[in-house]
Structure formats: C-alpha cells, structure tokens
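To start, the structure under review is shown below, and the notes come after it.
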C-alpha cells in the first residue's frame, strides 16, 4: 500500500517535477546573452554598434559587463559598480568605445565604436556577470570598408637628370586588381602623368612631357604599391603630384612634393660651356685685332688667318655642345635639334664675312642654305608624322607626295652643289646639255623649296588643305621675285637702287605674309608657336640672301662693313645666345619656369638680324663709295 501510495503521489506531482528540472537546467547554463545574427561590415572612419543584450532585467548591483578582443584579450570597455570604467580601457579604444549607459538598466550592453579603423577588424566578446549568473556573446567585425592612400611625408629633393620615386601605398578591403582607376597628376598644372585603369597601366595616356619617363613598379601593384618612378628629372618637374585612387564607391588620394632642385652636373657643364664660348669669342677677337695691326708681315698675316678660322669655328662648336647638353636635361626635341643645327652651320656664313680671310664664293651661303633646308624639313617631317593619324586618305597621300618631292629636290640640289665649282670631266654637247638642265633644275629647286616648307608647316599643324593653297601661291610670288633679280645690278644708278629697293620690299612683304599664315596656323600651339615662327623667318631670310648672292656674282663687302658684320655675328650673337641659355637654365632651376619658353625665339631672331644685315649691306653697301666717287 505504501508503494502504491508513493507511486500515486509521484504521478500526481510529475508536471511540477519536470518544470523544476527544466528551470534547474536553465539556471545551471547561465543567462542568455544575444548578439548580431552575422558579421558586421562598416566603412572606415564611421561608427559601428556591436550588439549585446539580454531579455531579462538584471539588477545593477553586482552587474559587470566586459568587452574584450577575442584574439588578444585586450579590454575594450568595462561597466562595473554602476558606471563605465573608461580608465580601464586599452589606450587605442579610449574616447572611441562607449556604452549606452542610460539603456544598461534595460539589459542593453551594446558598444558603440567610433572612428572605425582597419585594425578594428576581428572578433569581440561581450561577457555579462550578474551575481551568480553570467553569459557571453561574440561579435565579429568582418570587413572594414577602407581606402587609405599614403604618400611621402616629406618633400623630396632631387638633382636634375636623376631618377626619383614618388610613394603611393594603398590599403583597402578591395584587392588592387579590382581598383577602377589609379592616376598620378601634377596638380599645379593639371597634367596627367600616368594612368592605371582596369588592371592595366596606360603609359600612352601620359602628357608628352612625361612620356617614356614614368612607370609603375608592376611587381608591387598586387601589394597595393602604386608608387611612381620618374626618370631623368627636369626642372619643370618641380611641383605637387597627386596619387588618386578610385575603388567602388570610395576614393582617396595622397600627394607628394618635388622641391626646389639644385644644379646637376649637366647644368654646370652648360654654364661652363657658355662662359667658355663667350670668353673664347672675345679673346680670339682681341688677338685678331692686335695681330691685324701688323698685317703687312707675312707671318702675322698667317697667324691672323689661323685665328680667324679658329674664331669662326671654336665658339660655335662650344655652343653646339652646350645646346646638346641643354637638350638632354631640359630642352625639347624640336628646340634642341634646330639650335644645334644652326650652330653647326654658322661658321659658313662667318667665314664668308670674315675680314681677314680670303673671300669665299657664294658656295658657303649655298651650303648653309642647303643644310638649313635639310634640318628644317626633317624637323617638320617629324611633326607632320605625328598628325597624320588625324587626316583622311587624301591628306595622307598629299603628305607622302610632298615629302617625296622635297627629298628628291634636296638630292638634286646636293648634286648641283658638289659639281658646281668642278670642271666637267667630259666635254661635249650631251654633258653640256645635262649641266645646263641641272643648273636650271637647281635654280628651280632653290625657288620652290621655301613654298614647300610652308606647305609642310601647314601639314604639321593640322591644316593640310590650306597648305595646298599656300604651296600654289608662294611659288608664283617667288618666281616674280626672280624676274626682279635678273640684271638687278645693271643699268643706271637710280634705276638699280630703285629695283633693289622694290625687290627687297617685295620679299619682306612675302615674309610678313608667311609669318601671318604661320600665326594663324599655329593658334593652338601657344607654347611653341613663336619658336616655329622665328625659325621660319630665319629660313626665309637665308633664302633671300642665298638667292640674291647666287643671282649676282662677284659680290663683296668693304673691310669696314665686314668688320662690323663679323663682330655682330661672331661676338654679339654668341654672347647674346650664351647669356640667354644661362639665364633660361638658372631661372628654370630656381623658379621651375622658363623665362622665354623656347630658346629658338632668341637664337633664330638674332641670327635673322645678322643674316638680313648681311643682305642689306650686300645690296646697298657699295652706294656710299659710289656717291663719294
């Protein structure tokens, strides 16, 4: 009976026993602390809430809440004894991690983490202690959406001609190969230096100034290293450079600064050569002047001639070397080639007007004219080739035909110069006929080439069809001027003077028209238009003197005029160009900007003045003597 009674009593209280067992199990496992349903993702620099809460109300007395980094047990924040204990926080989280203090009594122990950093990624444990119970939850910050771009912390100093690296390091949750764009720009001039887009570098997109001088470190790009290597630094490279990165909806940038640059070895060599050229021009002139006082002495005469030849060549060769070094370090291609070519040709005209050397025939002037044609044509050809891609088929064919004609005419003219002063090896009607035709063709070439150069100039600067019109108009004008030259020095004094004045006026008008067309053609070439125009003016002036001298034989100057012209060409022009080159280089090194912009403006303007002065004296220099007679 007792057994039956106990069994019946147990059966009657079974639901209560089961409930008590469940409660005991819950109590044994502790309280339930809730967290987020998944990892958290937040942008860099933003604020993120790390959820941590319980469903039941807990007494504040004896309540303790700890937030720690799971990986390092670093204390992020602590709530104890009814208040936040900020003094217990690890230093990196001070003033960044905060409880919602007014909601702790409601069971909300979430943490707000401000100014999110990349190193905040990881797992955090929220542990809640209440009297005898405790519980915890884990919160993970999986991805911090970040795009950090860091560059050079200090300005970079570098000498001209050296290589330099501008740092750009990218830290992002996005892999570097998925960046939409990384660009380097020179911000003070808004120039694109180098572009990386869709996982490819585009060196052809660089500004012409930086083309073939900049590159990424390709092997370092997967590591987020987009540093820029700038080779053969120039003074105009000084300034502020920005590395700008675009990734997803994020963008960031960093800047680097190239400071004032010092003189490189090449700069110092240019200064030395300019000073040497100026000094040698003055010294040799003084020696020639002193020796010329004893011109009756045969030995002194020989020394004067030797010094005269040396004076014509040495300063100009030194200036040629100076311009070569300038071109390597600072100058531009067309500027350097043109100036160097001029200083190779200058001794020919100086020897022609040298007062104490034997009078040379017009071969010197013809040779200089031919060399100028070759160099001028080559420079414009290279410019025209760069613009052919913008033309249609007709214009391209016209460019090729024009180039072929100029090359053929130059070859024929060169043959004529080689054979002009030589006697024919065979005598007969055929050889005389060939020689006569060659002379006519050479004369035709001498007149036609300037107009073809104007055509090439139009082609090079994007006006091909306009160049056809100009190439038709100018030959007509040049041939008109040729008929004016026929028998120019024959006749009465007044008629000859009037004819010469009319001819030189007509040729000057043609030169003004050429300059006007050049200015209109090169409206978009703001930086280098003046240099091209000055080169064209010199080419036209050289054509005028070569044609006049060829059409009027036995021209010569008085000794006084020769001395004046020779001093102007051998001393004045050299000193002016040397001073211009040194000034340009020093100002560019100090200020980062060129004073003139294109040395052809100074070099070819001064040479044009010298050439036109020679032409005027050849035409009118004899009249004072005629008048005195």
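Note that Cβ sites are derived from N, Cα and C of the backbone, with glycine treated the same way.
Taking TrEMBL as the reference, the stretch among 360-380, 528-548 described by the feature transmembrane segment is residues 528-548. Annotated by TrEMBL as transmembrane segment, the relevant range among 247-267, 268-288 is 268-288. Taking every recorded stretch in 268-288, 501-522, 528-548 and counting its Cβ pairs under 8 Å to the transmembrane segment (564-587), the highest total belongs to 268-288. Beyond the ends of the transmembrane segment (599-623), by six or more residues, the same chain brings 323, 326, 331, 334-335, 338-339, 342, 346, 349, 353, 497, 500, 504, 530-532, 534-535, 537-538, 541-542, 544-545, 548-549, 555, 557-558, 561, 565, 568-569, 572-573, 576-577, 580-581, 584 to within a C-beta distance below 8 angstroms of the stretch.
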